[in-house]
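What TrEMBL says about this one:
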- 4-135: domain 'EamA' (DOMAIN)
- 34-52: transmembrane segment (TRANSMEM)
- 64-85: transmembrane segment (TRANSMEM)
- 91-108: transmembrane segment (TRANSMEM)
- 120-137: transmembrane segment (TRANSMEM)
- 149-168: transmembrane segment (TRANSMEM)
- 150-285: domain 'EamA' (DOMAIN)
- 180-200: transmembrane segment (TRANSMEM)
- 212-235: transmembrane segment (TRANSMEM)
- 244-262: transmembrane segment (TRANSMEM)
- 268-287: transmembrane segment (TRANSMEM)
Amino acid sequence: MNALLYALVVVIWGTTWIAISLQQQSGISTNVAVFWRFFISALVLFTFVVLCRKLQKLAVKDHLFCMLQACCIFGFNFVCFYYAVQYISSGLEAVIFSMAVIFNTLNAKLFFGQQVSTRFYPAALLGGLGIIALFWHDVVGSTLNNHTLMGIGLCVLGTYGFSLGNMISARHQKQGLDIFTTNAYGMLYGSILMALIAGFKQDEFFPAMEFSAVSALLYLAIFGSVIGFTAYFYLVGRIGAGKAAYSTLLFPLVALVISTIWEGYQWHMNAVIGVILILCGNAIFFIQAPKFRLSQMLKRS
């Protein structure tokens, strides 16, 4: 089950970059794009939980946590990422987002007292080096100026918001709350937040969009949000936030494979090395090494 959830998250979130790119090309404002994405997601989730009679009654305190989660992972963090790409390359953004592994592991220790596995350090190191190698040309090609620093700052802020959203989801599950219900409320509150921001900035809520942009929006809402976040948060509850966040290192690999097929992306040695390092990091994190006891070895000898 864990492997299925992990693969589902990697494949879905590894393909959302295409939809985001199509959405940005349509000219729709960032605030309105995020609003519609999570409004549609909330509508789908509420319809599902009501029809299946799975809608759970939440206490006021739980609603407040859902609102906080909305700010962290269903609102402001996406605004940070969307604006950051105006200042830095998507490759550099992927490198920075890989810090989610570190943030999740440290936050899990800070908020829940979870011990850091000895596997974390070599796996995180290999994964981080792999992402840097994968996007080496983007990293070395970026000049350090005010715009670059702004993009880096926004991306770090968005990544930390993503991590805090993970912690709140872990809190929900520890309290026995249903993921579908908390996600539905979180996405609803996130859409309300983005609607208020868009209204304040006088953004156009109903811009003219081509079929490709509408399709991209529906993909982001249903697959990227409803299915993707639900699977991911289940993963957080089952294997821990640190291990779940390691899936973020695999998103770029899926994106590059698709880019190779559809856009003719050329693989260079740095990209191959990056893939190998990331896969090695995954192996360290998830593959259980066989345990040998001294008594068994003595018997065999």
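Cβ atoms here come from the backbone N, Cα and C positions, even for glycine.
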Give residue numbers and ranges for long-range contacts of the transmembrane segment (34-52): same chain, 6 or more residues beyond its ends, CB-CB under 8 A. 74-75, 78-79, 82, 178, 180-181, 183-185, 187-188, 190-191, 194-195, 198, 205, 217-218, 220-222, 224-226
State the non-local partners of the transmembrane segment (120-137) in its own chain: residues 6+ outside its ends, Cβ under 8 Å from one of its Cβ atoms. 89, 91-92, 94-95, 98, 101-102, 105, 242, 246, 249, 252-253, 256, 268, 270-271, 273-282, 284-285
Across the domain 'EamA' (4-135), DSSP yields 103 helix, 0 strand, 29 coil
